[in-house]
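To start, the structure itself, in structure tokens.
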Amino acid sequence: MDCDNGVVSEISDDKELLNLETVIPPPPNDSGHEFIGPSSGPPQVTITPSGVQSGSANGVSTSQQQQYSAEYLSQLLKDKKQLAAFPNVFHHLERLADEEINKVRVVLFQCEFSKESAPLPDAEGDSTVHTEKVFVPAKEHPDYNFVGRILGPRGMTAKQLEQETGCKIMVRGRGSMRDKKKEELNRGKPNWEHLSEELHVLIQCEDTENRAKVKLMRAVEEVRKLLVPAPEGEDDLKRKQLMELAIINGTYRSGTDQSALAAAQLAAVKHQQQPFAAALQAAALQRGVLPMMANGLSRSPTMAVCGAPIVMSPSGRASSAGATATSQAALIMQQQSQLHAANAGNAALQQQAALLQQQQAAEYQQLLLSQAGLYDFSAMQQQYAAVGQNAAVAAAQAQAQAQYGALAAAAAANSAGNQQYADYAGVDLTSQQSAHGGYYVRRWA
């Protein structure tokens, strides 16, 4: 860049990556005094997305402010959530996303607090903690949400107020906790004495006494502005807070999304109404009236939901069209009557088939019962025969055992006598049966 007699000529390279605007102070005036601009430092250069630079006090150009929108902030938050799935991977992307989110949020949702801050005096003395209480008019406005208005979504409004005033903003007192049960349990305990007081905003400032008074005065003034209820529908701060909360929660819908949703709902309603319109058209045909879309008829602009359309004045071709519609209606009625007759015949055939099936089932059950009785009688006879055979076998076994016992006893008697007889005659004196399986007693002569 060459400068000659206050004339600046810009020399850009072949790539033309960046163009810089340099503010040249005007020449000295007639009085000989040099003009001093608003700031003695170097000019601030802000690079816009289009490559145009413009100075700005807060580092955000006018073109950027026009481009920022709630949809853009919602997209940035979604991108940040996607980056969170890869922790410690895209360090620069996370930092750039956070910076852009903060910048857009400041432009869109920054509360318009008073920018005229009183100059702070020089520090005198030691730093101490100074507090102020601003009571909330909850009794005058019991249905107004003062706590949410002061804190904002995720405490963003209170944080912004803390940054601008240099004080700490806290909501204390009865009704300051979201969990009412926990509030009742903690009331009266140490470090929870504020729950016994009325709802108020506690402002703390840690600084020297002379500087803390200035900070507290400004903070009290801004808090009192927030405690003035705005009319319904005219609260711009509440609108911004609700929009920011919806964006944070991911439930924000832009105007484009809402119009698309409305179009989808309308299409669904039309799709559901198509069967109803077809039913109305069929009813009109059955009554011998032309359908709604038939040519050659002029109807009233409004028509009842149910019933036939009102024919106001048929044209010249109405007679031929009416005859055609009548013949079509008669044909449809004939087809419907034939269909009903066929359905009735099918129903009668089905009833007859069902009766035949029931009769066959009853006969089959009777046959099964009779066969089951025969099978049971023969089985009983077989069981009785088996029992008789078992009894006969048992009696034969008992008789054989008795005979074997008698023979054994006779053999024992013969061996015990140990006498030899030349000839003898056996005479049966008595025959006694002493018990079951008894034996005969013989006397030897």
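Residue numbers in this text run from 1 along the chain shown.
Cβ coordinates are placed from backbone N, Cα and C, and glycine is handled just like the others.
Here is what Swiss-Prot says about this protein:
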type     : residues : note
COMPBIAS : 42-63    : compositional bias 'Polar residues'
DOMAIN   : 145-171  : domain 'KH'
REGION   : 22-63    : region 'Disordered'
REGION   : 71-128   : region 'Qua1 domain'
SITE     : N145     : site 'Involved in RNA binding'
SITE     : P153     : site 'Important for the interaction between KH and Qua2 domains'
SITE     : K168     : site 'Involved in RNA binding'
SITE     : R172     : site 'Involved in RNA binding'
SITE     : R178     : site 'Important for RNA binding'
SITE     : K238     : site 'Involved in RNA binding'
SITE     : Q241     : site 'Involved in RNA binding'
SITE     : L245     : site 'Important for the interaction between KH and Qua2 domains'
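Feature annotations (Swiss-Prot) mapped to structure.
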{"residue": "N145", "record": "site 'Involved in RNA binding'", "DSSP (3 states)": "coil"}
{"residue": "P153", "record": "site 'Important for the interaction between KH and Qua2 domains'", "DSSP (3 states)": "helix"}
{"residue": "K168", "record": "site 'Involved in RNA binding'", "DSSP (3 states)": "strand"}
{"residue": "R178", "record": "site 'Important for RNA binding'", "DSSP (3 states)": "coil"}
{"residue": "K238", "record": "site 'Involved in RNA binding'", "DSSP (3 states)": "helix"}
{"residue": "L245", "record": "site 'Important for the interaction between KH and Qua2 domains'", "DSSP (3 states)": "helix"}
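With DSSP states grouped into helix (H, G, I), strand (E, B) and coil, the region 'Qua1 domain' (71-128) comes out at 33 helix, 1 strand, 24 coil. The 10 Å shell around the Cβ of K238 (site 'Involved in RNA binding') contains 17 further Cβ atoms across the protein chains shown. Here P153 (site 'Important for the interaction between KH and Qua2 domains') is compared against the recorded sites K168, R178, K238, Q241, and the shortest C-alpha distance is to Q241. Fewest Cβ neighbours within 10 Å among the recorded sites R172, R178: this applies to R178. The Cβ of L245 (site 'Important for the interaction between KH and Qua2 domains') lies under 8 Å from the Cβ of P153, R154, each on the same chain and at least six residues away in sequence. Of K168, R172, R178, all annotated as recorded sites, the residue with the shortest Cα distance to K238 (site 'Involved in RNA binding') is R178. Here the CA atom of N145 (site 'Involved in RNA binding') lies 14 Å from the CA atom of R172 (site 'Involved in RNA binding'). Taking every protein chain shown into account, N145, Q241 are the recorded sites, and of these the Cβ with the most other Cβ atoms within 10 Å belongs to Q241. Reported as a whole number, the C-alpha separation between N145 (site 'Involved in RNA binding') and Q241 (site 'Involved in RNA binding') equals 13 Å.
In sequence order, E162, I203, Q204, C205 are the residues of the chain that are 6 or more apart from K168 (site 'Involved in RNA binding') and have a CB within less than 8 Å of its CB.
When Cβ atoms from all protein chains are considered, those within 10 Å of P153 (site 'Important for the interaction between KH and Qua2 domains') total 18, not counting its own.
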